[in-house]
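*Asks:* Dumping what Swiss-Prot says about this protein:
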type	residues	note
CARBOHYD	59	N-linked glycosylation site
CARBOHYD	143	N-linked glycosylation site
BINDING	172, 306, 307, 308, 309, 310	substrate binding site
ACT_SITE	343	active site, proton acceptor
DISULFID	393-432	disulfide bond
CARBOHYD	403	N-linked glycosylation site
CARBOHYD	655	N-linked glycosylation site
DISULFID	725-732	disulfide bond
CARBOHYD	749	N-linked glycosylation site
CARBOHYD	890	N-linked glycosylation site
């Protein structure tokens, strides 16, 4: 997981959608030209794996490995064909034993391969009998992957400059088949016995503890690992390296260890302590003991995503696990804690109970994202993570407001379609609708439901409806009040008594959130004591919403000027009326932003709330203030609110001190001038940036150049000083220049305050000498935070040659790791000097980029959006359309392409409608902030 609310707040973060492509529907032909006996991306249901015996022998000198897989299977109907997954494996021999005993004779199997589906067919001479057990034995060899998936090569350099090689795995979603032939679908769970052959100077680790090590030849050791629990193939993991480790025990006797390269093992203590605390929390919260004897956390030098939940051996980017007490930032501590929490939550949600198929990935990822906040709120209260949750919902809404979005639960089939599911909708929206349900039912009732779900489906697979059925048992629909009244609610209504009892049908309610895309816009119109409600599908791209037929069961919450007690109302129809006990001056819906919807206040509703913010903004919570900012600008996009009124509302920020309203204000305002930077609008762009600095000037001037304060205060300081320095606020620039001179004079040995380092580096990188010095320190730094800060600073250079060099070197991966390339490309794509270079680089190197990062991956989506989605001219739109349409199957159908095209179209409409209004508003309001 990237550091929360970090660099991207200044250079607008892009979404991480993925892509899809159609499966091959032609008559299948095997690699030898013969007819392949199976024509489906999914494996047949009549063969089930029971147990795998895996032997892996990797040679880290030749970068090859060979393996032997013995898989015990059962057959439910007679067949002469065994269909398995295999990708880029050279199978040399395949045999069959008719039984599970090793002493039984082996008979040869005829092998056929169909690479389009990444499948092999093993044909038997005599049919397999229903109800019988068989063992398939396959011997094979392959190259270690040069990418970030399968069984792949990773490298690092020691402090002395020696290059060392290790091998690690990343199998989710469909890459276990790149390491061993298998039944690579999440519902085909089995147990695994793993043996690894290695050089004596290396260490092997896997899902389970080491049972014994045997010397099988001179210079060759075979490690035997304990048998696993029943689990999906994508959770298998093994690493061969020279890592060092530190360990602790949980109260229940689970050994927790953190592994890292030797030079960085001193940065493992924070994650180790966090992991122990979080594992103990989850065992208590879920009322289910962690089922394995150990939990390893390994920091991999080359890693495409943030982390991976392999059962018993979670893997991470170094930046997502290692914490340097001297140099790591407050946001880094927050990010590491959340990432460790996420992966450990998966040990229950995802590993113990797994979605049946990838269409319900959100059952894994939405829950893990949600549990990050539930757990860390308790285990690390000083981080105040509850303040940041609603920001995840805004991220999801950015994607979910587009026509190219998809339901939380949506059909997928081929690997690229599966990879596209790893996006904001599965993660953030999934988490947000769970939080909304928890808020509505109460934390205790919700917890009872998910514990029942986990207990019922342990070591099994589930579908969307299984979760809601578990909740239904907690909240029956027979009209009786249970669980302290949480399942039958009294709520305001338009009935003559002003109250009615509302029975909650969890399944029907939540299906409206998981089986249809998008989210509702709730329009509130107050007439005396009557509050008129209307819901419609919020969708960008039109000021007149199409009648989609979408209807949600919306658990509304509200407070008023007369009562800060949260009131609730379940809106299940297109319109309804709430009758208040008395007239009110203002009403605020979606309290705390716990609901996944946005609100428009009709008539003078926005004027009342604007007045509240100007006169007494602390009357409502900081989350409520931030949600008003977000909702106002979302309404500008669809023509429900004028840009002038939204900008008027945000003027109150000159009196704001809390992190989330300020960050939300920046998230709304920065994209506006980023659009202007890419067009010839220098005068208004400059005026807008000046306005932003004046708006926050008092707060910027109050920032100390220290590391004092809470995590949120430190994160706010870092971002405000960076903003001020990047926009050449002289008080900031002068101090940053002085710090940089002193730091450079010390050859980078002087300790800078961590919170101001980013601003100092950003200023220092603006001349050639400073840029070159920063790059030299990047090469030798052992701190992930410091490397990230330098990387950002190098990317905001105004020197096109430097920017082009960064693109070239990060893509080659020799000096700057290839895993950094998507981020570097996106940062340069946000740079007003660099964006043409980034877009050109993406186009010219598309085929190579897809080979490195896989069609459908979130990295590809990140790069597509990051280089194009701040365009706002018709010429650029046609250029983007033309390029991607020319790719055909190699990219034209990517969801991220549809998203960026929609976004550019929206940018064009937005600028056409609002640019002149902003120019006039700036002239009118200029004096107000002086």
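Even glycines carry a Cβ here, placed using N, Cα and C.
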*Asks:* Taking the Cα of residue 343 (active site, proton acceptor) as the centre, which of the recorded positions listed as 143, 309, 393 lie within 10 Å of it?
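*Replies:* Taking 143, 309, 393 one by one, the ones whose Cα falls within 10 Å of residue 343 (active site, proton acceptor) are 309.
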*Asks:* Taking Cα atoms as reference points, rank the binding-site residues 172, 306, 308, 309, 310 by distance from residue 143 (N-linked glycosylation site) and give the first.
*Replies:* 172
*Asks:* What whole-number Å value do you get for the CA-CA distance of residue 310 (substrate binding site) and residue 432 (disulfide bond)?
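*Replies:* That separation, Cα to Cα, works out to 24 Å.
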*Asks:* Between residue 309 (substrate binding site) and residue 403 (N-linked glycosylation site), how far is it from one CA atom to the other, in Å?
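*Replies:* That separation, Cα to Cα, works out to 32 Å.
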*Asks:* Residue 307 (substrate binding site) has how many other Cβ neighbours within 10 Å of its own Cβ?
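*Replies:* So the Cβ neighbour count for residue 307 (substrate binding site) comes to 23.
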*Asks:* With substrate as the bound species and 172, 306, 307, 308, 309, 310 as its recorded binding residues, calculate the greatest Cα-Cα distance and give it in Å as a whole number.
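*Replies:* For the residues that bind substrate, the greatest Cα distance is 13 Å.
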*Asks:* Distance check, please: Cα of residue 393 (disulfide bond) against Cα of residue 307 (substrate binding site), rounded to an integer number of angstrom.
*Replies:* 21
*Asks:* Looking at the recorded positions 310, 890, which sits with the largest number of other Cβ atoms within 10 Å of its Cβ?
*Replies:* 310
*Asks:* If you count other C-beta atoms within 10 angstroms, which of the recorded positions 309, 343 is the most crowded?
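*Replies:* The largest 10 Å Cβ neighbour count belongs to 343.
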*Asks:* Judged by the number of other CB atoms within 10 angstroms, which among 59, 143, 403, 655, 749 is the least packed of the glycosylation sites?
*Replies:* 749
*Asks:* Across all chains shown, how many C-beta atoms besides its own are within 10 angstroms of the C-beta of residue 732 (disulfide bond)?
*Replies:* 27
*Asks:* When you average the Cβ positions of 172, 306, 307, 308, 309, 310 for the substrate site, which other residues in that chain have a Cβ within 8 Å of that mean position?
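*Replies:* Here the nearby residues are 170, 305, 314, 315, 316, 343, 346.
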*Asks:* What does DSSP say about residue 655 (N-linked glycosylation site): helix, strand or coil?
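*Replies:* Where residue 655 (N-linked glycosylation site) sits, the three-state DSSP reduction gives helix.
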*Asks:* CA-CA, which of the glycosylation sites 59, 403, 655, 749 lies nearest residue 890 (N-linked glycosylation site)?
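*Replies:* For residue 890 (N-linked glycosylation site), the spatially nearest of the glycosylation sites is 403.
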*Asks:* Using only C-alpha positions, which one of 172, 306, 307, 403, 749 is spatially nearest residue 725 (disulfide bond)? These are the recorded positions in the record.
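*Replies:* Comparing Cα positions, the candidate nearest residue 725 (disulfide bond) turns out to be 749.
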*Asks:* Please report the distance from the Cα of residue 307 (substrate binding site) to the Cα of residue 655 (N-linked glycosylation site), rounded to the nearest angstrom.
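*Replies:* Rounded to the nearest whole number, the Cα-Cα distance is 39 Å.
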*Asks:* Does DSSP give residue 393 (disulfide bond) helix, strand or coil?
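*Replies:* Reduced to three states, the DSSP call for residue 393 (disulfide bond) is helix.
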*Asks:* Relative to the Cα of residue 172 (substrate binding site), which of the recorded positions 403, 432, 655, 732 has the closest Cα?
*Replies:* 432
*Asks:* Rank the recorded positions 308, 432 by how many other Cβ atoms lie within 10 Å of each Cβ and give me the one with the fewest.
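*Replies:* Ranked by other Cβ atoms within 10 Å, the recorded positions 308, 432 bottom out at 308.
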